[in-house]
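Asker: Provided herewith is a single structure, encoded as structure tokens, for subsequent inquiry.
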Amino acid sequence: MSTILETSELPAVFDGVKLAAVAAVLYVIVRCLNLKSPTAPPELIYQDSALARFLLKSCPLLTKEYIPPLIWGKSGHIQTALYGKMGRVRSPHPNGHRKYLTMPDGATATFDLFEPRSEHCTGEDVTMVICPGIANHSEKQYIRTFVDYAQKNGYRCAVLNHLGALPNIELTSPRMFTYGCTWEFGAMVNYIKKTYPQTQLIVVGFSLGGNIVCKYLGESQANQERVLCCVSLCQGYSALRAQETFMQWDHCRRFYNFLMADNMKKIILSHRQVLFGDNNMKKPQSLSEADLGKLYTATSLMQIDDNVMRKFHGYSSLKEYYEEESCLHYLHRIHVPLLLVNAADDPLVHESLLSIPRALSEKKENVMHVLPLHGGHLGFFEGSVLFPEPLTWMDKLVVQYANAICQWEKTKPHCSDAEQAVSGQE
């Protein structure tokens with residue numbers, strides 16, 4: 001009798017185990033995909049001013065819910081991974097012309113120029129000068145998608161190709177792009193200003209490019225001439241503060257660090273002969289074969305920066321390199337309207353770094369910090385359930401903000417003196 005009872009109880013036990021396993025899997029899925037996270041409008045940090053009120057009225061995306069794809073869009077890791085792996089879906093192929101500029105040290109800077117495909121909403125000539133993310137260039141899908149959308153909205157676009165990033169362009173000087181070197185971006189901007197004397201500029205920087213454009217504008221008041229506004233997307237503001245967080249395993253930052261370091265190694269090694277060749281008399285004296293050996297074994301961006309990148313500009317230490325090349329000490333010198341966009345779930349930018357744009361936007365009326373709950377690092381995909389749309393929330397926001405600033409500049413002379421006061425000036 002007892003044997004019969006034990007036998008009849010076994011299926012119930014197995015069913016309980018199955019249910020527990022299914023429940024555990026569902027729990028992991030819900031946690032990993034962050035399905036319980038709500039959707040909400042982005043958090044906005046700004047000072048009340050005529051400009052801020054105009055932007056809130058003219059940019060619906062600032063006050064509207066950002067709704068990512070239902071199944072995976074609330075995971076910052078998946079948003080980041082999709083951006084990193086495929087950039088965008090159904091990316092267009094805008095036609096542009098490549099320009100070459102010779103730098104004083106013999107380096108050859110390149111950028112791609114794309115003409116507008118319609119008239120701008122204000123009827124003005126406006127050019128977006130764009131700086132991509134780390135080791136990126138105009139051929140990346142997320143850049144192509146954004147440029148195509150900007151062209152359709154009447155913007156000329158100039159996109160910097162980071163020095164050494166294009167696989168088919170050889171270095172002509174023993175130097176690559178670095179975290180905060182503004183030389184090539186400045187040369188591109190000067191070319192645009194000289195070639196199109198009537199154009200006004202919208203400055204846009206993605207990730208590392210955000211650091212470069214903000215540093216460039218803050219380096220000199222002259223750099224802000226004819227600039228209508230600046231938009232920085234998903235940057236970390238201070239490499240010195242970020243380096244410690246990049247070695248931590250929470251939110252898999254150490255893993256992302258390894259992947260980016262591996263990509264940087266491949267790019268540097270593709271220019272090995274120019275950067276490390278013995279016959280190159282121009283190479284930095286502090287750059288040696290020993291550094292090449294350390295490059296092979298590097299597993300983090302910090303190791304690469306310390307052994308190779310900082311030496312392109314003669315920095316004596318990694319600390320000095322990160323301090324001098326970060327935009328942190330230049331942000332307060334920017335007086336044009338400045339939009340700083342980050343995502344709360346960006347796995348690359350630690351939440352402690354977000355105190356920098358928050359503090360700045362609380363002090364300066366020309367600055368607005370936009371912080372949606374979701375979006376990851378340069379993801380910000382939109383879509384109903386599973387498949388993302390070609391255009392992202394980020395693409396639309398930048399163009400919408402740029403349109404609003406252009407409208408503001410055009411209507412400002414007709415407003416009262418009180419409404420004209422944009423007190424970004426210190």
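Positions of Cβ are set from backbone N, Cα and C atoms, glycine also.
Where the annotation comes from TrEMBL, it is an automatic prediction and has not been curated.
From TrEMBL, here are the annotated features:
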| type | residues | note |
| --- | --- | --- |
| ACT_SITE | Ser207 | active site, charge relay system |
| ACT_SITE | Asp346 | active site, charge relay system |
| ACT_SITE | His377 | active site, charge relay system |
| DOMAIN | 127-383 | domain 'AB hydrolase-1' |
Asker: Do any residues at least six apart in sequence from Ser207 (active site, charge relay system), in the same chain, have a Cβ closer than 8 Å to its Cβ, and if so which, in order?
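Answerer: Listed in sequence order: Pro132, Gly133, Ile134, Leu233, Cys234, Gln235, His377, Leu378.
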Asker: Using a Cβ cut-off under 8 Å and a sequence separation of 6 or more, which residues in the same chain sit near Asp346 (active site, charge relay system)?
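Answerer: Set apart from Asp346 (active site, charge relay system) by at least 6 residues yet with Cβ under 8 Å, we have Gly76, Thr80, Cys234, Gly375, Gly376, His377.
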Asker: Could you give the mean pLDDT over the domain 'AB hydrolase-1' (127-383), rounded to a whole number?
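Answerer: Computed over the domain 'AB hydrolase-1' (127-383), the mean pLDDT is 94 on the 0 to 100 scale.
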Asker: Taking the Cβ of His377 (active site, charge relay system) as centre, how many other Cβ atoms lie within 10 Å?
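Answerer: Counting Cβ neighbours of His377 (active site, charge relay system) within 10 Å gives 26.
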